[in-house]
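If you check Swiss-Prot, you get these features:
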type	residues	note
BINDING	GLY10, PRO11, ALA12, SER13, SER14, GLY15, LYS16, SER17, THR18	ATP binding site
Amino acid sequence: MKSIQIAIDGPASSGKSTVAKIIAKNLGYTYLDTGAMYRSATYLALTNGIEVTDQNRIVDLLAQYPIRFGRDENGQQLVFVGDEDVTLPIRDNQVTNNVSAVAALPLVREELVRLQQDIAQAGGIVMDGRDIGTVVLPQAELKIFLVASVEERALRRFKENTERGIETDLESLKEEIAARDYKDSNREVSPLKAADDAITFDTTGVSIEGVVKFISEKAKEILDR
């Protein structure tokens, strides 16, 4: 049976992960949350008292505490570093505010991109991140670049944090997201940008179902060829 690689990129809180999970489940594909991998690397640095710019020591930690994924009894994604479940801790504000610095480190990116590409060899996959269509899966048959206003993305993150019991301030989130956009778009290594052959879709005011429908239709067009 024909299967394809689907790359979904976009800035923070543009809806990538939520949509990617649903599409992967609907197609019976593997879903890989690359953002969780960079968050895990950031978490390792912070909890081990290592500077978030010390790429050699962070890469050593990644070898010592490998990142892996699992599922709970409800099918929800779990993230581990070594044997530690870090599913919730990696969403902490301290991790969020430092992950761009870690994601900009060439050696860390090289290590995690290699791992991501290895996982993608298994067959049909939906991967989301910042550089999937440009660096990780440049040959992906379907590349989507999701965008949304800062205001809408801050509101989404606010709701997510509230549901997780993380105390947050909406105005602060707007500032943090705008700052992260700048860092992600202007870093030297693998900056956030749409691939030349990506389809850009503005999710502002669009429901999750609407975004899933749009991407699913594009995938079906390719699979039906």
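Residue numbering: from 1, along the chain as shown.
For all residues, glycine too, the Cβ spot is worked out from N, Cα and C.
The residues near the ATP site, meaning same-chain residues not in GLY10, PRO11, ALA12, SER13, SER14, GLY15, LYS16, SER17, THR18 whose C-beta sits within 8 angstroms of the mean position of the site's C-beta atoms, are ASP128, LEU146, ALA148, ARG153, ARG156, in sequence order. Around the Cβ of ALA12 (ATP binding site), a 10 Å sphere holds 26 further Cβ atoms from the protein chains shown. Within the set of binding-site residues (SER14, THR18), the lowest number of other Cβ atoms found within 10 Å of a Cβ is recorded at THR18. The 10 Å shell around the Cβ of LYS16 (ATP binding site) contains 27 further Cβ atoms across the protein chains shown.
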